[in-house]
Amino acid sequence: MIPNIIHQIWIQGYESIPSELRKYHENCLKINYGFKNEFWDNDRIRNFLKNNFEPEYLELYDKYKIYAQKADFARYAILKIHGGIYLDMDMVCRKNLGDFLGLGFFFTAYKLKNVFTNYLNGVIGSRPNHPVFDYIFKNMFLRQNDASNVTNSTGTKLFRDSITEYTKNNPTNDISLIDSKYLHPCNLYNDKNCPYTCTDCYIAHTNYSSWAPHLKLCKIFFENKYLIFIIIIIIFIILILLWIKYKFNKS
């Protein structure tokens, strides 16, 4: 059983949460009545690691320089000890997550136009002391020298590799991959209103991407893809006309 606790992290502290994300956070508290909310910042995380893990865990946490890596490491540690449901701060909550508390461990998959699939670590539910975390921490320590690569060292690739390794070694397990229509219905290429119009969703990711500016650019591209396509066509036509003019003048 997963405890009815929702964990959220903002390394810089509560007062530093952007106003847009704070609205999402407050809405999630209202939607998920009956849940205990736990907010974690850097100071609380460091004290937690110091009191619940061997010294090398805090050392590795401090070694990470990117906030996203610290948040990744912290969510795994928090869920290992306390259990509960972890949510990224840029999640819009639509339905109470109590329906998932009967599971042992759950997550969902991220898909990009059937070209790219990865396991999303922005929403994770777990009972305390789930053995999959042994694999996750083992791999984070093994990859600590690849700290410049967020996805591989702590993020979605690390998460996927660890779950794949665990399930391969433990065919009988309580790992649940939840259909993305319930936990991640909106991708970068979806309409920006998707988090508010999805019908089956319990939560929806807004793809705020605070740690990855290139993802924000991708989001802007997909939101304006038709306008950008028209601009590209116009530029292409202008280049063709200039080339024709050049050829004509040369002859």
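We number each residue from 1, going along the chain as drawn.
Note: Cβ is positioned from N, Cα and C throughout, glycine not excepted.
Cβ environment of Asn149 (N-linked glycosylation site): no same-chain residue six or more positions apart lies under 8 Å away. Per Swiss-Prot, the feature N-linked glycosylation site maps to Asn149 (among others); the stated evidence is sequence analysis.
Positions annotated as N-linked glycosylation site by Swiss-Prot: Asn152 (among others). Taking the Cβ of Asn152 (N-linked glycosylation site) as centre and 10 Å as the limit, one finds 15 other Cβ atoms among all the protein chains shown.
A 10 Å cutoff on Cβ-Cβ distances gives Asn207 (N-linked glycosylation site) a total of 23 other Cβ atoms nearby, all chains included. Here Swiss-Prot flags Asn207 (among others) as N-linked glycosylation site, drawing on sequence analysis.
Marked as transmembrane segment by Swiss-Prot on the basis of sequence analysis: 226-246.
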